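Peer 1: Reproduced below are the annotations present in Swiss-Prot:
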- Asp203: active site, proton acceptor (ACT_SITE)
- Val74, Gly75, Glu76, Gly77, Gly78, Phe79, Gly80, Cys81, Val82, Lys106: ATP binding site (BINDING)
- 68-353: domain 'Protein kinase' (DOMAIN)
- Cys4: S-palmitoyl cysteine (LIPID)
- Tyr151: phosphotyrosine (MOD_RES)
- Ser207: phosphoserine (MOD_RES)
- Ser237: phosphoserine (MOD_RES)
- Thr238: phosphothreonine (MOD_RES)
- Thr243: phosphothreonine (MOD_RES)
- Tyr251: phosphotyrosine (MOD_RES)
Amino acid sequence: MGGCFSNRIKTDIASSTWLSSKFLSRDGSKGSSTASFSYMPRTEGEILQNANLKNFSLSELKSATRNFRPDSVVGEGGFGCVFKGWIDESSLAPSKPGTGIVIAVKRLNQEGFQGHREWLAEINYLGQLDHPNLVKLIGYCLEEEHRLLVYEFMTRGSLENHLFRRGTFYQPLSWNTRVRMALGAARGLAFLHNAQPQVIYRDFKASNILLDSNYNAKLSDFGLARDGPMGDNSHVSTRVMGTQGYAAPEYLATGHLSVKSDVYSFGVVLLELLSGRRAIDKNQPVGEHNLVDWARPYLTNKRRLLRVMDPRLQGQYSLTRALKIAVLALDCISIDAKSRPTMNEIVKTMEELHIQKEASKEQQNPQISIDNIINKSPQAVNYPRPSIM
């Protein structure tokens, strides 16, 4: 864990008296198989008892983090603070700094029922879910008013920090690294959506994508996740929660939540990876504060796309490959939720881009390559045809 999380839209989730059980089969890295689990009402005690997690004592976590010393803080946000600590790899007992395995301990602010609900939801989902592109929750602590979560430590921090912070510690991410991160995050979402019933992540954003030492992307913070619709229902109805700039328009307008809401958020992050811009940035010129609204007209035109592309990526990519991702992002942010691709379809496209080498045909006739990209997209066909530079 590299940090806490940015401010969410300040509204409450619809109240519920239960959180459903998750008994998910372990899955491969592509996230394309179907996971199944039982579905039943569960109390807080049942959730904690059935989670595949260690129940840490407060004294153990104090020892692991050197009594939550200020210089152990690695992140801070609405949930509380995140501290760096160490535990023994075998026994999971506290160990001396620099020995054993590194952990991230997230301590809940001791106020508010919503924070407790999110803490419990995190245990309910990550206590049962297991996938290479989901951050690993090791354990929890519940003592009187103290509520903490213990995760694997994500050495590289968040995607948000690497994309938007400047300085010697955060070097610009290369094109290939960005594509690989997008693929990893897509696999994590696909795994959630392939569960029966589906799991809707609901807060997909750059700050919730954490990176290990090899820059592998993992989804974190399941406090807002919830089960998808059952039976013939197309959505679940909730009060709106999420992060400004990432939430799907139909969800903001109606509270109707589906897996296609996550797809929209994925499209926003794709645009952030392409542009190096935040989803919402009031420091940009007037008319460019909202990344989706500003970028949308440029995503199917080769010449115009250059205006969107992060200048730090110059010389690292072909415009044809960049256009494929831009068109994919355009499909994801479609106003019509039904026309957005599934995460399985997105994973397939991203895998092709990840392994694709520069094709000689692109150099010979780039217009043919671009036409093929445009014709395959239900959104791009409605935009002006690109011209060749």
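Note that Cβ sites are derived from N, Cα and C of the backbone, with glycine treated the same way.
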Peer 1: Please report how many Å separate the Cα atom of Ser237 (phosphoserine) from that of the residue listed as 'active site, proton acceptor', as a whole number.
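Peer 2: A Cα-Cα distance of 16 Å.
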Peer 1: Using the structure shown, find which entry in Ser207, Ser237, Thr238, Thr243 (the modified residues) has the sparsest Cβ neighbourhood within 10 Å.
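Peer 2: Result for the modified residues Ser207, Ser237, Thr238, Thr243: minimum number of other Cβ atoms within 10 Å at Ser237.
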Peer 1: DSSP secondary structure for Asp203 (active site, proton acceptor), reduced to helix/strand/coil, please.
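Peer 2: Once the DSSP labels are grouped into three classes, Asp203 (active site, proton acceptor) ends up as coil.
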Peer 1: Can you check which residue among the recorded positions Glu76, Asp203 has the largest number of Cβ atoms within 10 Å of its own?
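Peer 2: Highest number of other Cβ atoms within 10 Å: Asp203.
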Peer 1: Hey, which of the binding-site residues Val74, Val82 is the loneliest by Cβ count within 10 Å?
Peer 2: Val74
Peer 1: Going by DSSP, give the three-state secondary structure for Tyr251 (phosphotyrosine).
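Peer 2: The residue in question, Tyr251 (phosphotyrosine), is helix (DSSP, three-state).
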Peer 1: Counting every protein chain present, what is the number of Cβ atoms, excluding its own, within 10 Å of the Cβ of Tyr151 (phosphotyrosine)?
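Peer 2: Cβ-Cβ neighbours of Tyr151 (phosphotyrosine) within 10 Å number 22.
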Peer 1: Please report the number of other Cβ atoms within 10 Å of the Cβ of Gly80 (ATP binding site).
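Peer 2: Its Cβ has 20 other Cβ atoms within 10 Å.
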Peer 1: Which recorded positions from the set Val74, Gly80, Val82, Asp203, Ser207, Thr243 come within 10 angstroms of Tyr251 (phosphotyrosine), judged by C-alpha positions?
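Peer 2: None, since no candidate lies within 10 Å.
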Peer 1: Measuring C-alpha to C-alpha, could you say which of the recorded positions Val74, Val82, Tyr151, Thr238, Thr243 are within 10 Å of Asp203 (active site, proton acceptor)?
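Peer 2: So far as Cα distances go, the recorded positions lying within 10 Å of Asp203 (active site, proton acceptor) are Thr243.
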